[in-house]
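The domain 'ASCH' annotation in Swiss-Prot covers 6-101. Per Swiss-Prot, active site, proton acceptor is recorded for LYS21, and the stated evidence type is sequence analysis. The feature active site, nucleophile is assigned by Swiss-Prot to THR24, with sequence analysis given as support. Look at Swiss-Prot and you will find GLU74 tagged as active site, proton donor.
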Amino acid sequence: MQPNDITFSQRFQDDILAGRKTITIRDESESHFKTGDVLRVGRFEDDGYFCTIEVTATSTVTLDTLTEKHAEQENMTLTELIKVIADIYPGQTQFYVIEFKCL
């Protein structure tokens, strides 16, 4: 079985598959992905594969430069997005936006 290249919390699986979540915001440890990369996607909880995505763009962002557009691409409100990012990456301010589409 092939390993997954990137994982998402299971709660995001349906939004990714339906095209409602089209970005992910990660810390420096996952800043190596590049436009055009094709990635196997698994669930964080059990590493079970659920789709393949293609990276369509990458950029950097800070907590204070997150926008409503980022929130829309994450399928949540801006307030929710800032809280989720702060909870996952406490004390960090520099992040990497990975835009993607399901293949």
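Glycine is no exception: its Cβ is also placed from the backbone N, Cα and C atoms.
These numbers come from a predicted model, not from an experiment.
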Chain-internal residues near the residue listed as 'active site, nucleophile', provided their CB is under 8 angstroms and they sit 6+ positions away: ILE6, PHE8, GLU74, VAL97, ILE98, PHE100
Number of Cβ atoms other than its own within 10 Å, given for LYS21 (active site, proton acceptor): 20
Mean of the pLDDT scores, which run from 0 to 100, over the domain 'ASCH' (6-101): 97
In three-state DSSP terms, the structure that the residue listed as 'active site, nucleophile' belongs to: strand
GLU74 (active site, proton donor): secondary structure state under DSSP, collapsed to three categories: helix
